[in-house]
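Colleague: Mind having a look at this structure? Questions to follow.
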Amino acid sequence: SFLSVYRNVKKQAALSTIIDNTIEQERAENMRRVKILLLGGADAGKSTILKQMRILHMDGFNEAEMRSFNKHLRYNVFEIFHAIALGVQEHVAVSEENEKKWINRFAEGLSWFRGIDDEKETGVLLAFLQLKSVKYFMKQNPNYSSLPDNSEYYIPMLADLLVKNYMPTPENILNLRIPTTAVNEINFHFATSSIRLIDVGGQRTYRKKWIHCFDGVAAVLFVASMAAYDQALEDVDASIQPVFYDDALASTSTPKVRRKG
């Protein structure tokens, strides 16, 4: 009947209006959605920017996440001490046998640290800084290029950082050096836009994993370290990385990358 046809047409018109409104709403949301890709070499600071945005525009890190950074914090300290030991070997003539033994241990790597409890480990690290050769090296080479950039930040507060069950601060976390082994992203709102910020691995071996991230990108933010203008690209594994870094990765949700060899 005419009435049934009229009702059917009215129903179809209402459905069409709903579909049109949904499409318009999605179009408006897509216009507000901005996908930004962070690119740059290893240790350029991409992950630091991601962490800064999370702290500034999101809720930062919860307590469990903050504590999970402790492993990374200790690993960064080990990296610093390893670099110091190599610097002492290169620039300082160490005469005392006991000092030479400790310098050689730290220079060779950190596998000998396995099995040492945190309290003894802390004592060894603090004692290392008191070695005459280490003090002399640090005084004579305050800007030694092979020292990690965060050494100036961490060394003065070492005694606090190594306290058992230490809770890292947001500033501690911002200064951490953690190689990106996967594609990480955060989503947050800024003004009227919805930002999707993507951080990819800077190491060459990871670049094939993020090429697909270019799809739909509105902007690419290239990041470079101003402090590393005269340094070689750090794209190779250091001798101390395999020992502690797997444990550090296991304490976070970041997927592991299987190493060959």
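Positions of Cβ are set from backbone N, Cα and C atoms, glycine also.
Note: TrEMBL annotation is automatic and uncurated.
Sharing the feature lines straight out of TrEMBL:
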BINDING   Ser47, Thr180  Mg(2+) binding site
BINDING   Leu174, Asn175, Leu176, Arg177, Ile178, Pro179, Thr180, Asp199, Val200, Gly201, Gly202, Gln203  GTP binding site
Colleague: Taking the Cβ of Thr180 (Mg(2+) binding site) as centre, how many other Cβ atoms lie within 10 Å?
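Modeller: By my count, 20.
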Colleague: According to DSSP, which kind of secondary structure is Leu174 (GTP binding site) found in, if we only use helix, strand and coil?
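Modeller: DSSP call for Leu174 (GTP binding site): helix.
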Colleague: From the Cα of Ser47 (Mg(2+) binding site) across to the Cα of Ile178 (GTP binding site), what is the distance in angstrom?
Modeller: 8
